[in-house]
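Colleague: Please read through the structure below; I'll follow up with questions.
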């Protein structure tokens with residue numbers, strides 16, 4: 001999140017400047033003022049519009065700002081509010097930077113650009129009211145998923161290009177396109193945000209000289225300081241495309257100097273498994289000579305977009321596990337691909353539905369990946385426990401909070417009937433699953449009809465309640481028994497959810513294994529999440545090795561998510577520390593049982 005300007009400068013700006021706003025990239029963990037949250041008023045008043053906002057939950061922090069949910073007192077509409085203390089913004093360049101952000105961003109309005117809804121100040125703070133992007137950014141998606149499928153990458157890249165085309169038509173160079181500045185709304189639509197480094201081209205042929213950008217995405221002409229223009233955004237999109245498909249940035253090293261050297265030398269390699277058409281477009285965008293790169297307006301005419309399958313929508317499940325594309329095999333076949341203009345009509349041309357029972361089963365998540373996740377989690381917990389986080393002179397647990405790491409899925413209910421059938425559970429999206437005693441799994445989606453069946457070897461197949469083989473009849477009957485047992489009223493509400501386009505591509509994480517101790521039940525999901533529910537006080541831990549984070553639900557049902565590395569730095573209360581020690585023992589037990597199981601299979 002970029003620093004805002006001190007209000008003294010803003011007060012001298014034109015009166016209507018206060019109606020603008022600028023999105024900020026909430027980079028949790030960046031240095032900020034610790035006492036900020038205590039000083040911010042609970043009710044915020046925009047003196048121009050007389051709109052009143054009530055401050056809600058913390059969303060993130062970065063630079064000089066903190067971000068909170070704020071709700072309009074009259075309409076109850078919720079926005080993210082970026083709040084900057086004036087006391088921290090005293091330098092002239094900070095004021096200039098904020099003025100530039102506002103003057104640029106207030107002039108923009110596009111489907112794929114973060115919107116703003118207000119900008120005002122009081123004697124102590126500057127407030128910016130933004131468009132809410134509930135699904136965070138592509139950075140969190142990248143941390144959870146690493147390399148995406150090609151159709152997903154194409155889906156996101158197309159929207160990034162459309163947003164950037166709009167910027168360039170309006171003579172704006174973003175200059176800091178990166179995963180963390182590409183936000184996602186509830187429909188997984190991309191919104192370009194954070195215009196802190198953006199600039200306006202004042203005349204044709206103007207070359208900017210400022211050194212700016214993020215190391216992994218910075219263009220060589222910016223590093224050389226010979227002048228740069230619109231082409232830097234195309235370079236950044238090339239880096240983004242590489243990252244989405246390969247799982248890491250093209251020039252990334254552990255040393256900043258080495259990264260810059262690689263960028264200047266154009267030293268990167270594309271793995272052989274990447275589609276040659278995709279590799280070709282990456283190479284076109286990552287040319288050292290900016291004039292040799294395609295313009296932003298030429299990109300969507302590339303074969304990567306015109307001949308490849310682009311989903312009209314993606315399901316929320318894609319944030320944590322790959323989707324399934326077997327429902328549209330003809331669209332994926334190069335010999336029968338629709339042109340971009342047809343695919344991009346979205347809702348007007350939904351993908352053809354196909355009988356679910358004919359879908360090819362999909363096998364995902366190897367044992368090696370699962371063990372790797374558990375090993376990572378064990379190492380993360382070992383590290384935080386070794387720091388003795390509760391034994392500090394000053395514990396600042398709130399500084400370790402990172403809402404961007406909130407889990408996508410967790411188990412909200414469970415019932416143990418393993419003496420006869422298995423363990424039933426409900427996920428937070430109201431889908432219901434059963435891990436049967438024969439090690440097969442069956443999941444009923446929250447639409448009340450779609451089914452996902454996972455065989456003992458991990459092979460997945462997709463069916464419906466109304467269309468399934470007779471061999472599954474008993475298991476579907478048992479699943480319905482579990483479903484009714486786990487609060488019929490709540491699940492009826494879930495079953496009434498209107499299916500949205502893209503849901504036909506959904507795959508849900510499933511329960512891989514579980515066990516009980518005297519103190520807790522331990523649940524291990526296929527997306528790497530480990531959940532521990534404590535019996536005595538009903539507290540819960542939800543651990544994610546991919547985000548290196550823990551969500552703690554205390555006795556009062558307060559839901560807080562922390563980065564483990566920040567708990568190591570800032571400390572935590574004794575209650576959380578003791579549960580983290582217990583969690584390490586349980587993860588070690590999970591890992592040991594998997595290793596023993598694999599040794600048995602090998603012998």
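Cβ atoms here come from the backbone N, Cα and C positions, even for glycine.
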Colleague: Kindly point out the range from 338-361, 362-385, 386-409, 410-433 that Swiss-Prot annotates with region 'Disordered'.
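Modeller: Based on what Swiss-Prot states, region 'Disordered' spans 338-361.
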Colleague: Tell me which range among 1-32, 33-64 Swiss-Prot lists as region 'Disordered'.
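Modeller: The range carrying the region 'Disordered' annotation in Swiss-Prot is 1-32.
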Colleague: Do you know which of the binding-site residues 59, 65, 67, 179 has the most other C-beta atoms within 10 angstroms of its C-beta?
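Modeller: Checking each of 59, 65, 67, 179, the winner is 65.
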Colleague: Given the modified residues 210, 214, 375, which one's Cα is the least distant from that of residue 67 (ATP binding site)?
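Modeller: In terms of Cα distance, residue 67 (ATP binding site) lies closest to 214.
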Colleague: Express the distance between the Cα positions of residue 214 (phosphothreonine) and residue 61 (ATP binding site) as a whole number of Å.
Modeller: 18
Colleague: Taking each of 103, 137, 210, 269 in turn, which of these modified residues have a Cα lying within 10 angstroms of the Cα of residue 179 (ATP binding site)?
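Modeller: Qualifying among 103, 137, 210, 269: 137.
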Colleague: Which of the three DSSP states, helix, strand or coil, fits residue 59 (ATP binding site)?
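Modeller: It is in a strand.
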Colleague: Rank aside, I only need the closest one: which of the modified residues 103, 137, 210, 269, 450 has its C-alpha nearest to that of residue 59 (ATP binding site)?
Modeller: 137
Colleague: Look at the modified residues 137, 269, 375 and tell me which residue has the greatest number of other C-beta atoms within 10 angstroms of its C-beta.
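Modeller: Answer by Cβ density within 10 Å: 137.
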Colleague: Rounded to a whole angstrom, what is the C-alpha distance between residue 450 (phosphoserine) and residue 137 (phosphoserine)?
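Modeller: One finds 28 Å between the Cα atoms of these residues.
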